[in-house]
């Protein structure tokens, strides 16, 4: 399938993708829901009346909102109908937009003229710890090889509740956090800027569909109906603050200062060709977490760092999302097994995605092995992030000549306020 809209070679956004986002322009500061196609954005508010199928005819107003929450809250058949209609309208064989110059001029906006915003109002944010390679590496560093994985790790998707208010969209700079740290040889903690600033290469999915009532669970057979779409996520971390504060309740200030997400939400339907077999799980998890259908995604991921004053990004790690041990379905089913209600717009992070080799580690903590190794970044070296470093995450699926991308997830570290 091809679009009448020109799609540059190696674009993240061919007609097979069609991710959703929220944008504004200098000419119109109002926020609108859009779909990326090539280097353009299709403004869905301008074509809302064209969604006239059985699922969406009575819900055209969802495309005129300033966030995706109302659309996300519709059931999955509505998402499928919207995607099919947008593909039809953008296809080279459909005259509705192609031959209507006036409508086309209103509905298509150059991405270069747009400012992207968070795609949804995020009510709650949960971060999992689903990479066995990352969990093993961190366990070896802090507890030794014999106790790398905690006893519960292979029985359930470990997670914690994060801070939704400090989630920001790609391109937002962040200040180095300050807090308490304690050096190994110090008798008391000290206060000041974190010296061990880190990124975490993650992906996250937005919850959609009608809310499950408090006290009811989402069975794993129905979990896909609640997974709206996927974004890149950088779970910025202050490792020295984390090391001092995390016992016994887990991360707090070391994580809550900022989390960056990419602006374009790639639907599960767009990613369907890239599902691969799930990892072997030993021991076999409890029945409520068991599913045989492939729901592991083959997404090539990379992290680059651009030091201040440098003109280019330098890749420091390459890995793949398929290395995760726990699937998205398992994460969602586990989250609700106690009766927790999930709402449209909630965000669930994967945890750091690391592969089995050193170059596939998804954090500076692992790449530098807790500061014991130097990581080349162009002509410079790093053990952790310095002020002025700009970090970018990228993700691409490729199969049968079709490339599906996620855009950028970029943020720059600014000096701390002391």
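Along the chain as shown, residues are numbered 1 onward.
Just so it is clear, glycine is given a Cβ too, placed from its N, Cα and C backbone atoms.
Quantities reported herein were computed from a predicted structural model and do not represent experimental measurements.
Over in Swiss-Prot, the protein carries these features:
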type     : residues           : note
ACT_SITE : 134                : active site, proton acceptor
BINDING  : 127, 200, 202, 235 : Ca(2+) binding site
BINDING  : 235, 255, 259      : Mg(2+) binding site
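The two recorded residues residue 127 (Ca(2+) binding site) and residue 255 (Mg(2+) binding site) have their Cα atoms spaced 10 Å from each other. One residue stands out among the recorded positions 134, 255 for having the most other Cβ atoms within 10 Å of its Cβ: 134. Each residue contributes its Cα atom, and for residue 200 (Ca(2+) binding site) and residue 255 (Mg(2+) binding site) those atoms are 10 Å apart. Over all protein chains present, the Cβ of residue 127 (Ca(2+) binding site) has 26 other Cβ atoms lying within 10 Å.
Residue 259 (Mg(2+) binding site) carries a strand DSSP state (E or B). Residues 127, 200, 202, 235 make up the record's Ca(2+) site, and a Cβ search at 8 Å around their centroid adds 201, 204, 233, 234, 237, 255, 259, 349, 350, 351, 352 from the same chain.
The Cβ neighbour count for residue 259 (Mg(2+) binding site), using a 10 Å radius over every protein chain in view, is 27.
Around residue 202 (Ca(2+) binding site), taking its Cβ as the centre, 29 other Cβ atoms fall within 10 Å, counting all chains. A coil conformation is recorded for residue 235 (Ca(2+) binding site) in the three-state DSSP classification, outside any helix or strand. Cα separation, residue 235 (Ca(2+) binding site) to residue 134 (active site, proton acceptor), rounded: 14 Å. Note: the Cα of residue 259 (Mg(2+) binding site) and the Cα of the residue listed as 'active site, proton acceptor' are spaced 19 Å from each other.
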